[in-house]
Amino acid sequence: VMSFLCILASLLDIMSTPTFRPVRAIIFLSFGLSSIIPIVHNFAIYPSKYSINVTQIYLLIAMGSCYVLGCLLYMFLIPERLFPGKLSIAFQSHQIFHVLVVIGTFIHLYALCRMSAFRVIKGRICYSNETNVIPVY
């Protein structure tokens, strides 16, 4: 859903106007912040320290941070604002935004692969008694 809203915000001409710049920024920021959803979902479904390892959480946080940082740089026009007229061809905030989104996407893919492998290795776990975790295959 968030990806679809980001695509719409990019394609609709009315969203390119300065009036809708804050709306676009909110859409892109919410896309970055939506990285918290898999973490919350995982702990809601599997309420145990064994359901996800810390590295996977850090990867999801890194992914969201890349998206949010890219959006904030683009939203506040950094570094163009700091160096007016010197970054007309390279190192514009829009280019940095896209590089960070691509990096965040690769981090997301890597995190999903790690989570999948973790679930395959750990198997399904019965949580009826938190002190006595029993693998169920």
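Note that Cβ sites are derived from N, Cα and C of the backbone, with glycine treated the same way.
What TrEMBL says about a protein is an automatic prediction, not a curated fact.
Look at TrEMBL and you will find 26-45 (among others) tagged as transmembrane segment. Sequence-distant contacts of the transmembrane segment (26-45) (same chain, at least 6 residues past either end, Cβ-Cβ under 8 Å): 2-3, 5-6, 9, 51-52, 57, 60-61, 63-68, 70-72, 74-75, 104, 108, 115.
Residues or ranges marked as transmembrane segment by TrEMBL: 57-76 (among others).
Around the Cβ of His94 (Zn(2+) binding site), 12 further Cβ atoms fall within 10 Å across all displayed protein chains. According to TrEMBL, the feature Zn(2+) binding site maps to His94, His98.
TrEMBL lists 96-113 (among others) with the feature transmembrane segment.
Sequence-distant contacts of His98 (Zn(2+) binding site), defined by Cβ-Cβ distance under 8 angstroms and a gap of at least six in the same chain, are Gly70.
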